[in-house]
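My questions will all concern the structure given below.
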Amino acid sequence: MIDSEALESERVKLKRDIADLRANLNRKEQCLRELEAAIAAGEDSDEAEESSNDMPTPQTKLTNDDIARYSRQLILQDFGVQGQLKLKNSSVLIVGMGGLGCPAAQYLVAAGCGHLGLIDYDEVERSNLHRQILHSEHRCGMSKAESARIALLELNSHCQIRCHSRLINSMNAMHIIRPYDVVLDCSDNVATRYLLNDACVMLRKPLVSGSALKMDGQLTVYGYGQGPCYRCIYPVPPPPEAVTNCGDGGVLGAVTGIIGAMQALEAIKVIIGLGDVMSGRLLIFDGSSFMFRNIRIRTKRPNCHVCSAQPLITELIDYEMFCGMHATDKDNPLDLLEPDQRLEVKEYHQKLQSQPHLLLDVRPPAEFEICQLPRSINVPLSEILDDSYLKRFAKQLEDKELPIVLLCRRGNDSQIAVQHITNRFPAHSIRDLVGGLHAWTGSVDATFPIY
């Protein structure tokens, strides 16, 4: 007898594999085009990317095209010709071509920034497109930096754009940052924030920092004038378990657009000396109530380890070790449980699924609504940690023979939940599904949605 469900799962898996192959082909073809362009220009592509030589000779006048293109900002009293020339001769480095970096780059290029550097180690995915507005469906699988450059050059072909399709780290940060006038931190992860802060302090570069999560955003400028640096405000990194990224907490695309656009504005103000730069202050945006708050933050810390008169840190360190987390926005897989407390999705599917058991999905209700396994019961991790689940499952918990299986999106929160319940009921058989729903899609049912 033909198993139609298995055939459909295999069909979907093959289509997904073909899409991945096409994306990889697009990426390889783009790399080939870049290499051929570099060869045609008589330069080695790696040298073009890595070069720390000075930027081209400053321009002393605007062209007719400049005047026509930028006329609406040229007529601003505090901007004018000199402001446009400063912008034309400026160089800005954007770290992270995601939800913040895309709108920031778009507005800087549109305004006439002469030289732009783009850093991103990652590739475009469909889950990026709702907020990373420079990328497109047909460029999924391509380097984010390269994808952004294509879109930006369509907007303004006069801008010189240099791509760094790699992870910025302690080994390359000083070399990459040195040629630029201003740096935008659009990375939105803690380890990279400390890295960029320290490098910018050592190189005396202003750092325009933005962040966005859920419906909220923040913006400030570090290391500008007599203002504080990031370490002045946060001398010690937060514990890893207290940090939430947009992959877990979610974010509304328009919020990243607002913060990214304001980062571009602050960069322009720094470059041309316009207005009151957001240094020594923090802008907090609440998208749910659409309220902006502008609060004053502490001044420079006299004993700051980086920006004080006698700094303790004079060279870049291992920031992943310092922060206890990776310098990316990817989820770090936890390893909290013993092997006998973990259950592979294939084993669950083949053996346990048909037997009596209790399957608890510890994701938030909004995520449970997106998709769920049959017969799973939604018990958010927050309910487990505050023990409010005990009343709901008192009878099941009395039965020590009833297996309890916990799952989540990627297999991290379920481990935390297993630890907590096991401490309460050590005699019970309580296990988590390794890899969560992502593993279920990859190993059992390719038609199950991934988010």
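From the backbone N, Cα and C atoms, a Cβ is placed for every residue, glycine too.
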From LYS86, LYS144, LYS205, grab the residue that Swiss-Prot records in the same ATP site as GLY99, ASP120, SER127, ASN128, LEU129, HIS130, ARG131, ASP188, ASN189.
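Swiss-Prot names LYS144 for this ATP site.
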Looking only at CYS232, CYS304, the binding-site residues on record, which one has the least crowded Cβ, with the fewest other Cβ atoms within 10 Å?
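Output over binding-site residues CYS232, CYS304: least Cβ neighbours within 10 Å is CYS304.
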Would you mind reading off the Cα separation of CYS229 (Zn(2+) binding site) from ASP188 (ATP binding site), to the nearest angstrom?
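Just about 16 Å between their Cα atoms.
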So, by DSSP, how many helix, strand and coil residues make up the domain 'Rhodanese' (353-449)?
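Helix (H, G, I), strand (E, B), coil: 40 helix, 14 strand, 43 coil.
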Quiz question: given the recorded positions THR60, GLY99, which has the greatest number of C-beta atoms lying within 10 angstroms of its own C-beta?
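Of the recorded positions THR60, GLY99, the highest Cβ count within 10 Å belongs to GLY99.
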For the ATP binding residues given in the record (GLY99, ASP120, SER127, ASN128, LEU129, HIS130, ARG131, LYS144, ASP188, ASN189), what is the largest pairwise C-alpha separation in angstrom?
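The span, Cα to Cα at its widest, is 20 Å.
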From the recorded positions THR60, CYS232, CYS304, CYS307, pick the residue whose C-alpha lies nearest to the C-alpha of ARG131 (ATP binding site).
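Checking each of THR60, CYS232, CYS304, CYS307 against ARG131 (ATP binding site), the shortest Cα distance is to CYS232.
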